[in-house]
């Protein structure tokens, strides 16, 4: 071995010093933007720092092996150079990307083979590792290396880059790195590349390039390179980093994933950055040629790249895989008009065992016919361009004798670039790297004995020399011998690729003979395009014909495979032997098999698709034809195809379920024809559905008969009432201590603590009961007919009570965080929660995470009759992990893992078990990945500011309590004066009741000056004051508003007085619009204009990207759960439920006949005092009961007394609910579908809607959700409950019109027998069945009758009329056809 000192590091250092501040490398993201760049000096400094850490901090010694496990990017090159400088052996591995089980298996094989001491990585890979290891059901989390430390190198501070280290005693024979290669035929082997081989190969490349440039009179000093080749691969490493650095050239790089997703980006960036040199494998040239031609055709001949100019390109190198003969012609014809020079083409040949490069040939040279072989081959080198240090011979692989020109043999190479051998394989290394030529037995032949003593590298490639040019034919092991004739698989594969339906670069041809020693038959496997899967038989027949015609042999078997299933190496080369093994083991994902005896599909059941889904294009067409007119025409407009407003909803639902694309709510405006929408949806620029890991459970809970379940739930209801009453004892005793006869007036200041003490008492009881009844929630699946369900149901119902009575006042405060911590939730103190969560022990929330949508770690499954489920539905519990810095505005299902920095958008529903990657954006239902977020970094100032805000949120609720009692004291004083001398049995009750009412009104009036004093008038424009002080003021005013509207929300929502209040707060609203108070926080109202509109649950995002933007809504009807972005104008439109409005909408909806005049609105508002009066009267039985003197005041008796009183109050509300329901609701039966024909019916219906919601809340009916008791209540209200069903909120309206089929589960959904457009009410029967998951909407004329089906969360189920979709815009004209109960 050579002991000469290596000069590579010295030369690299010289370049770094000479070009210290010159830009060396620029990384481009998938959108073309610059992500990071290095100067020569900057990269060298970072490499020096890594070398320093390797040697000084991490104890790595010269010759130790270190794995480089990096995401695609520039940090990999810094780490590689750092290893070179430290004299450690760099081990290059493929970065671990999904599926992790596959990529980690490859990395594990490498690690087991080379035994490294350290793994260098970056933050992205480290985050992926941490997230994967935290996934409860991850199959790969145990596959990450455990005994080898990981060290992150891209998180070092700039200050540390001043340190460096260089190993002084590096010699040429020292190993620089291992290049693991599987080749195209064998298992991975570690090629040991020495410093000498690396340096020599880089110089070989550099000299070849200099030769080509000098030959044409060009300077090679200012070359600009471009590479998207994988950095862990020999070609990508040398051409993308080492060569340009040593030569002092500038290089532009991007990820190979970016190229695969956007092939034309390569051309675009070469044009924009005036690139002169680039390299790519053959398939890339064909791919960009095809994509460019297709884009031109779709754009009507318009060039898809702006200012496209390739005149700067001197040479494009084609290497790393067999080169097709038509590559140069097709590429030149397509791009010559854009400045591409005529002699742009260069071919190269190399292999990892020779570092990478072997030969380089500028120009295009074809071979001449050789005897009986008429095949043409492309030259990849010549004796004229061979480097001085390179020796190339064509050798008989058996006799090991040199062959003359025109004879095919094995290519042997000798020179300083040849590697040292394979790691750990001395015998194979000797055979491959130490080959020697043998003399011919025939002494009459001329022989060159000068080469007999040279050691050669056996490449394993077949080739020949002709007229001084080198031609490569293929791999020896891949050679097909059929009927005694040699065939090259590349020729067959190129013929197959010419057939429509076969994916280019995804074909493998091989012999059926597994030994490779005798005759076999031709077998072909190929990936078929998804669009051609239904015609797979015809594609296979066409391939058979082409092979017979072009090659002259009959294939014995042709197999069409699923896309992306053919076996390839990590560098993208076809593994022919591996594919043959998979085929013979019947492990390929076959779509169709054509053999000599029969046509088989899969298991031999005839032609059938793999899976149940059609290819994307056909699936789109199937959805359209199922919903639109029978003569559906994709090129006609939506109106011509029969699109209605509710068909639009169903289209949105079906498209969102089937494609990972964000479907705009106004897609008919953006994409005027189905064909245009199809092009958008099938565009490769969309994201993808998330990987789902939700393994099944073994249901093992003990079963109970349904009557026993009902009995236990009845006992639990009594316990819930007792808990409410027990919590009153401390506060009642405290109250008595404060107001006893002769108590000093100063004690009155303690009265608010009575209310606070009740909150604390009930909260402690809830915590205690959770730990007693449940303990810790666990990941499992249970039948509902089990004791575990009863235990879960009890805690779930008490949590609902806590949220309704207490949680609403502490939401978003540290008190909520403390409660959840006590309940077992693993939530970081810096997390911001503006929602409620359940199943606490299964939930983990990371640092600086914001959550504004409720989270439940459970999910109901359909009713099942199997013994396993005891004739009941299932209930699954899975853990949810939300990483650091996440933002959750949509629904997150059980089992979901959100990577750090990920974002769930509003109206999104992340499905059960989904694994959301780091920094991913989730949109849609079911959610899909639609982009990446920018990492959010909190400074120390931010952390201090948030700490201040948390302190304010701790203190402010107590201040609100005292403010409320101050207003109550003033109201009591006024009422005492006003009612002085008033004698009545219930005067005390009336006084207390009026104090509560006036306190609520007073709190609302206080909102007005608070808003104007603390916030003022907020105008559109940049957010100029975003200080923690202003955030605190905004939060305090909004908190007071939401705490104050509790009474208003219960008795007077949608009333004209609501409009007046919001107008006084700054909302630009008329008195005709109809809104819900709680969706207009004072901090936002100045930025909203509402005119003649009806709004349901609507959320306004007025703060967009650091700027306040105005929202204008006029003559519009907006459905439930609609999101409206700032800056949007909506006029004369109907917005369906669950819509995100991001752009202006100008519809054609009119209000004629559907708007209730202001005079009738005022009549409806009379329901407010009616509700208040009814509430007061309903308190009389409770008051009488509580006033009875039983002669004892013990705590136990007080508990029973309060419990009974509370039960009487709820029963009173319940019976009032039923009575008023049957008084007000029958008017609907005569109102047809619109109220203007009978004004009184519309008024009664409005009163019914207000009373229904309010009385249901007052009667605490939510306690009975999920029990037969609630079903009996529904039947008493006229609902048709056909058997056993479960209801878990949110609302049921128009119960006489609703049918709930047997075995139905309604979970946090809305079911109604009416629909609203403006103030027009349209009624019709509604039937529901199956499982309605959270956020489902079923309005009038909805028919769901399959109990085995489940709705997707956050979706609106379109109504149907006589089996057809109903268009809400045209309901007036259809009213006579609607069934009215």
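Cβ atoms here come from the backbone N, Cα and C positions, even for glycine.
TrEMBL lists 927-936 with the feature compositional bias 'Polar residues'. For the compositional bias 'Polar residues' (927-936), the list of distant contacts is 660-662, 686-690, 848, 885, 887, 890, 901-904, 908-911, 914, 916-917, 919-921: same-chain residues at least six beyond its ends, Cβ to Cβ under 8 Å.
As annotated by TrEMBL, domain 'AMP-dependent synthetase/ligase' applies to 27-423.
The region 'Disordered' annotation in TrEMBL covers 922-941.
The transmembrane segment annotation in TrEMBL covers 72-94 (among others).
Listed as Cβ neighbours of the transmembrane segment (704-726) (distance under 8 Å, sequence separation of 6 or more from its ends, same chain) are residues 761-762, 765-766, 769, 784-787, 789-790, 793-794, 797-798, 801, 870, 1198-1203, 1206-1207, 1263-1264, 1266-1269, 1284. Positions annotated as transmembrane segment by TrEMBL: 704-726 (among others).
As annotated by TrEMBL, transmembrane segment applies to 747-773 (among others).
According to TrEMBL, the feature transmembrane segment maps to 961-980 (among others).
Per TrEMBL, the feature transmembrane segment maps to 992-1015 (among others).
Annotation source TrEMBL lists transmembrane segment at 1041-1065 (among others).
Per TrEMBL, the feature transmembrane segment maps to 1162-1183 (among others).
Per TrEMBL, the feature transmembrane segment maps to 1195-1220 (among others).
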**Number of helical, extended and coil residues in the compositional bias 'Polar residues' (927-936), per DSSP** = 0 helix, 5 strand, 5 coil
**Complete:** Given the transmembrane segment (992-1015), its same-chain partners at Cβ distance under 8 Å and 6+ residues beyond its ends are 963-964, 967-968, 970-972, 974-975, 1033-1034, 1036-1037, 1040-1041, 1043-1048, 1061, 1064-1066, 1082-1083, 1172, 1175-1176, 1179
**Prompt:** Cβ under 8 Å to the transmembrane segment (747-773), counting only same-chain residues 6 or more beyond its ends: which ones?
**Reply:** 723-724, 726-731, 734-735, 738-739, 791, 794-795, 798-799, 802, 805-806, 809, 819, 822-824, 840, 958, 961-962, 964-965, 969
**Item:** Same-chain residues near the transmembrane segment (72-94), Cβ under 8 Å, at least 6 residues beyond its ends
**Value:** 8-9, 12, 25, 27, 35-38, 43-44, 46-51, 54-55, 60-66, 103, 106-107, 110-111, 114, 116, 120, 122, 153-154, 164-167, 169-170, 174-180, 190, 195, 230-233, 237, 240-241, 245, 253, 255-257, 570
**Request:** Determine which residues of the chain contact the transmembrane segment (961-980) at the Cβ level, with the cut-off under 8 Å and only residues 6 or more beyond its ends counted.
**Result:** 748, 751-752, 755-756, 987, 990-991, 994-996, 998-999, 1002-1003, 1006, 1040, 1043
**Request:** Please give the average pLDDT for the domain 'AMP-dependent synthetase/ligase' (27-423) in this predicted model.
**Result:** 87
